[in-house]
Structure formats: structure tokens, C-alpha cells
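Annotated features in TrEMBL:
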type	residues	note
DOMAIN	21-176	domain 'Nitroreductase'
BINDING	22, 23, 24, 49, 53, 146, 147, 148	FMN binding site
């Protein structure tokens, strides 16, 4: 394919530069401070700017912060033991350590409605909203990562979060300040993923 090349101006705007430099920060490296107050409010609003076919507004975000992190870690341990009585303490410590280290955990869920809008499109809307969050956290100098795994889809934990009928848990975004410099992973070549269609 023909490489799209750089912007016509030859330089990237600050917004584009932020998008091009975003990368996930391992949850175990996230520390206080995290976003708070009006800044957090504004960042959360970016999720609601994602494409939303049918205007269903399927986003559900539950904030876990402050002392609630300790209670949530206990809930996660309880759910892990319920799923697998043979789970080891190091496995539990790894999962709970993420919660206790990061000043903010955001549980991500989708409120799925039956109707003409396919379920997959509603989930895509939530995913697009999470990408906006990740970009906004990065642009404001914070680190973040979206993690799933067994705890990210657990029905017991979904109920503990207060999710109801038709609301599906889709993982957690951990947010904080990176503890030291984190080297971004190498991204694939654009040519492996983009082609021109000529008819």
C-alpha cells in the first residue's frame, strides 16, 4: 500500500501527538495521585462522546477509590475463592494488589438493550468510550490500563457492583501516576493493517 504519510503541515498537533504516544501502564506501577474533582469529571465526560448508534447510552462506569478499594479487594478475593477453591495466595495478592496500589479503579459495564441495535454495536460503543478515557488520562499526565480476565466478567462481582438485569461487566480501568518511566511497547507497522481499495 501507499503510506498515508505525515500531516500536510509536517508536524502533529498536540492532540494527535497524545494519541500517538499513549500506551498502557502496568497496574502494579500505578500510584497516587490519581485524577480527582472537576478534572476527573471532565475526563469521564469524554467517554460519553463515543459513537452511539441509536443513542442508547450503554455506558456504565463504577468508580472504586479511597477506602472502598480495601472493601473491593476483599470482594475480589471472595469471588476468586468461590470460582476456584484451589486458587493460590500469590494469585489473589496479584489481583488485589492492583486495586490497592492504583488510586482509582473504574469498573466498566455495558447496559445492553434488546431491539434493532445489535448487542455487538452497544458493546463497541462502550469500548470506544473506554478508549476515550484512556486517551484523556494519558493526555492529562496519568497512566491507565484496561484489564479483563476472569474477574472482569464475574457475575458475583457484577452483582457486588450493583449491576442489574441487562448490564454486563467488561473489565476494569486502573488509573494513577506511573511509578517511574515505562517503556512503551513497539507498535506494528501500519502497512500490515491498512490497504487501499481500488475497486
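A Cβ is built for glycine as well, from the same backbone N, Cα and C atoms used for every other residue.
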Cα-Cα distance maximum in Å, computed over every pair in 22, 23, 24, 49, 53, 146, 147, 148 that the record assigns to FMN:
28
For residue 53 (FMN binding site), name the DSSP secondary structure in the helix/strand/coil scheme.
helix
What three-state secondary structure does DSSP assign to residue 147 (FMN binding site)?
strand
For residue 49 (FMN binding site), nearby residues of its own chain (Cβ under 8 Å, 6 or more apart in sequence):
129, 132
Are there any residues at least 6 positions away along the chain from residue 24 (FMN binding site) with a Cβ closer than 8 Å to its Cβ? List them or say none.
134, 144, 145, 146
Name the residues of the same chain, 6+ apart in sequence, whose Cβ is under 8 Å from the Cβ of residue 22 (FMN binding site)?
134, 135, 138
State the mean pLDDT for the domain 'Nitroreductase' (21-176).
98
Tell me, if you would, which residue among 147, 148 (binding-site residues) has the fewest other CB atoms within 10 Å in the structure shown?
148
